[in-house]
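A.B. asks: Following this message is one structure expressed as structure tokens.
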Amino acid sequence: MHKNYQPLEYVLRYIGISHNTASVKQREAFHIPEEDKAKFILRLKALFPDIKGLLLLATCNRTELYFESATTTTREVLEYFIKNASKAVADPCHSLFSRGDHTLHSVRHLVEVSTGLRSKVLGDAEIIFQIKKAYRISREIGAQGSLLERAMQTVFKSHKRVSNETHFRDGTTSAAYKALKTIETYFGKQEARHKKILIIGAGDIVKQLFKYVGKFDYDQIFVSNRTMEKASYLANKHGAETYPWVKVLKNEFEDFDVIIGAAGNCHHLVNAIDGKPRPILLIDLGLPSTINPLLTSKPEVSLYDLDTISSELENNRELRLRAISAVQGIAGEEVALFEKWYAERPLRKILAHYKINIRNQVEDFLPECDEFSCENLVELLTARVVRRIAKDPDKIYTNEQLNHLVKVEAYFAMEPDNGVNHKLSQS
């Protein structure tokens, strides 16, 4: 190898568009569907051959590309990304993207995204699962790369520490999720699974309910709406059943255990509860109120309205806000550990280069006898010489100098007083 040759230095870079920089309409143009992600990664790697690792994170609030390359810059990848947008975009739109061409900058950004510090919903717990899923795709197609792999280890460790050491993951900030969780809390997790649940309405909040319902094991969900086509659509899409709107108007709720009211402009639509006395949970997410609060005059009926749920959500948010500095501290500590690992990469490469040669010399030097040529002693002497070299990584060692180091370490290792041979014979 020519003495002036310098191997290419790989850098972890990223480009991203998110709710922080663009509107929903602007982000839509750059969203990549789940079924197209692997193809997109492979196409990008083919176009830019020096890219080793590549992670594509595409959620409803952000689309980000993290890639490990030697010469390909974020500007080049961004140009390709914009030209191949799924929809026509106004030119220029480069300002909608954030980007980083330095490894530590990219790792810090990825860790902050993964912890939920950059989420639209502060402390969003979903983002870590989306990142894990994105990384799984990268690994399946062989696009992880050493820098990206180490960065993901930093992400996972940060996530575990944030969950264990702070209140940043405590509770939820979604009213829809909280409503569904209330059912579980009220009846108990096992019993709640088989309760009969009626959702009234088909607007945004109901769509949010169905978005989260898969996280629970409720097996009897019905939906009703004044426009039954909308109710049928939601029922078919999410494996629920429809309930006649005319029965809702008559307040015929049969044997429902839970009624969630979220119909628009239907003030006190739920005004009576029929059937035999039984524990009934009413959750009112409507504005104006869908459920008449006077129904709680019956001891078996409990009502959670928007004020109650919002109050609990605000408490969760306060916990998260107070935890921000702790989360930032954890992220900073883990990124600092990555930085230390990153700074030591050249030394590890040097030592790896020497280690093969040193091991060969150790094996040649040791006498041909079972006691001295055992694997443990070879490993011990090799490690000792490598540690010697690590103390002065800038020095270049000749074969003669390496051979001298091997002899010195072998002499001390095999001194009768150090007990090495005795230990090895007992191993």
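Even glycines carry a Cβ here, placed using N, Cα and C.
In TrEMBL, annotation is done automatically, which means it is predicted and not curated.
In case it's useful when we look at the structure, here is the feature table from TrEMBL:
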- 15-166: domain 'Glutamyl-tRNA reductase N-terminal' (DOMAIN)
- T59, C60, N61, R62, S119, D124, A125, E126, Q130: substrate binding site (BINDING)
- C60: active site, nucleophile (ACT_SITE)
- H109: site 'Important for activity' (SITE)
- 191-309: domain 'Quinate/shikimate 5-dehydrogenase/glutamyl-tRNA reductase' (DOMAIN)
- G201, A202, G203, D204, I205, V206: NADP(+) binding site (BINDING)
A.B. asks: Have a look at the binding-site residues (G201, G203) and report the one with the fewest Cβ neighbours inside 10 Å.
C.D. replies: G203
A.B. asks: Quick one: of the recorded positions T59, C60, N61, A125, Q130, which has its CA closest to the CA of G201 (NADP(+) binding site)?
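C.D. replies: Going through T59, C60, N61, A125, Q130 one by one, the closest to G201 (NADP(+) binding site) is C60.
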A.B. asks: Once G201, A202, G203, D204, I205, V206 are set aside, which residues in the chain still have Cβ within 8 Å of the Cβ centroid of the NADP(+) site?
C.D. replies: K207, Q208, L209, A262, A263, G264
A.B. asks: Per DSSP, what is the helix/strand/coil residue tally across the domain 'Quinate/shikimate 5-dehydrogenase/glutamyl-tRNA reductase' (191-309)?
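C.D. replies: Secondary-structure composition of the domain 'Quinate/shikimate 5-dehydrogenase/glutamyl-tRNA reductase' (191-309): 37 helix, 25 strand, 57 coil.
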A.B. asks: Name the one residue among N61, H109, Q130 whose Cα is closest in three-dimensional space to that of D204 (NADP(+) binding site); these are the recorded positions.
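C.D. replies: Answer for the nearest of the recorded positions: N61.
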A.B. asks: Can you grab the distance from G203 (NADP(+) binding site) over to S119 (substrate binding site)? Cα atoms, rounded to a whole Å.
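C.D. replies: That comes out at 24 Å between the alpha carbons.
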A.B. asks: Are there residues of the same chain, six or more positions away from T59 (substrate binding site), whose CB falls under 8 angstroms from its CB, and which are they?
C.D. replies: E126, I127, Q130
A.B. asks: Enter the number of other CB atoms within 10 angstroms of the CB of A202 (NADP(+) binding site).
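C.D. replies: 25, counting other Cβ atoms within 10 Å of A202 (NADP(+) binding site).
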A.B. asks: Within 10 Å of the Cβ of S119 (substrate binding site), how many other Cβ atoms can be counted across all chains shown?
C.D. replies: 22
A.B. asks: So if I measure Cβ to Cβ from H109 (site 'Important for activity') and keep only same-chain residues at least 6 apart in sequence, which ones fall under 8 Å?
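C.D. replies: Once residues fewer than 6 apart are set aside, H109 (site 'Important for activity') is near Y14, G16, S98, G100, R118.
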A.B. asks: Just to confirm my parser: what is the rounded mean pLDDT across the domain 'Glutamyl-tRNA reductase N-terminal' (15-166)?
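C.D. replies: Averaged over the domain 'Glutamyl-tRNA reductase N-terminal' (15-166), the predicted model reaches a pLDDT of 91.
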A.B. asks: Taking the Cβ of Q130 (substrate binding site) as the centre, count every other Cβ atom within 10 Å, in any protein chain shown.
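C.D. replies: Step by step: centre on the Cβ of Q130 (substrate binding site), count other Cβ atoms within 10 Å, giving 18.
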A.B. asks: Hey, what's the widest CA-to-CA gap across T59, C60, N61, R62, S119, D124, A125, E126, Q130, the substrate contacts in the record, in Å?
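C.D. replies: Answer in Å: the longest Cα-Cα distance is 15.
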A.B. asks: Between the Cα atoms of S119 (substrate binding site) and C60 (active site, nucleophile), find the distance and write it as a whole number of Å.
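C.D. replies: The Cα atom of S119 (substrate binding site) is 11 Å away from the Cα atom of C60 (active site, nucleophile).
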A.B. asks: So of all those binding-site residues, A125, A202, I205, which one's Cα sits nearest to the residue listed as 'active site, nucleophile'?
C.D. replies: A125
